[in-house]
Every structure is written in structure tokens, then in C-alpha cells.
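Colleague: Sharing a structure, written as C-alpha cells. Questions coming.
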Amino acid sequence: MSKNQQNLYVEFEVYGIVQGVFFRKNTVLRGRELGLRGWCMNTSEGTVRGAMEGQAGKVAEMKYWLQNVGSKMSRIDKAEFRNEKEINSFTFSDFSTSTSNDGHELEEEMKGADVNERKNNGS
């Protein structure tokens with residue numbers, strides 16, 4: 001199996017003007033277009049957090065979208081990604097938004113996370 005066909009899981013958090021601008025809706029639509037599975041939710045800190053899984057090449061496309069494109073009215077200051085790992089099976093059945101606290105554990109983990117990627121800081 002090529003690198004682009006391996007299945008990956010990755011968590012994300014996007015900062016900027018990403019709430020009240022259809023960012024979650026567009027994230028779900030883009031994720032589904034790419035054949036990814038996962039979820040996203042607004043946080044009390046004004047960010048959007050979530051997780052996604054799917055073919056590595058498609059995950060890379062989604063990471064680019066989360067860092068650079070977003071919804072039409074959004075302004076992305078940075079996107080962080082962590083816990084990227086190869087997976088043998090999927091956890092999620094679809095890509096969806098969460099309005100509840102099903103992402104609570106992820107939210108707590110990411111608060112003090114060492115991040116793998118950041119936008120606009122050169123590291």
C-alpha cells in the first residue's frame with residue numbers, strides 16, 4: 001500500500017474567526033467530499049476542534065484546507081494538528097458536527113498539547 005493510501009487518524013484545532021461563519025458546516029462538507037470520517041465542534045475558547053480519519057493523501061488535502069481555505073467568511077490564524085497515527089480500522093462512520101461535549105477528552109488533551117504543525121509561526 002502506498003503512503004497516500006494508508007489510513008490515518010489526526011486531531012485538529014483551528015484558530016481565528018472560525019465560529020459563526022459556517023466553518024464547521026464547510027469542514028463537514030469538505031471532509032465528506034474527500035471521503036473522510038470524523039467530527040468537529042466549536043469550543044468555548046472560540047476555536048474549532050475535531051478529529052478526522054481516512055486515506056493519508058486525503059487527510060493531507062484536508063489539513064491544507066483547514067490551514068489555508070476554510071469557509072468563505074472565516075479568517076484562519078493557525079491550525080494545529082496532533083496525535084497523527086496510522087490506523088487499521090475506522091472509528092467514525094461519517095463526518096459530522098458535534099454540538100455536545102463528545103469531544104471533551106480531546107479538548108482536555110489538546111489544551112496542553114505539544115503541536116506537530118502550526119501556521120504562521122515558522123516552526
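Backbone N, Cα and C atoms are what each Cβ position is placed from, and that goes for glycine too.
TrEMBL annotations: computationally assigned, not manually curated.
Sharing the features that TrEMBL gives for it:
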- ARG24: active site (ACT_SITE)
- ASN42: active site (ACT_SITE)
- 109-123: compositional bias 'Basic and acidic residues' (COMPBIAS)
- 9-99: domain 'Acylphosphatase-like' (DOMAIN)
- 93-123: region 'Disordered' (REGION)
Colleague: Radius 10 Å, atoms counted are CB only; among the active-site residues ARG24, ASN42, which position scores highest?
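Modeller: When each Cβ's neighbours within 10 Å are tallied, ARG24 leads.
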Colleague: Could you give the Cα-Cα distance between ARG24 (active site) and ASN42 (active site), in whole Å?
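Modeller: That separation, Cα to Cα, works out to 8 Å.
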Colleague: Determine, from DSSP, whether ASN42 (active site) sits in helix, strand or coil.
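Modeller: Its secondary structure by DSSP: strand.
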Colleague: Using DSSP, what is the helix/strand/coil residue split across the domain 'Acylphosphatase-like' (9-99)?
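Modeller: Counting residues per DSSP class in the domain 'Acylphosphatase-like' (9-99), I get 24 helix, 38 strand, 29 coil.
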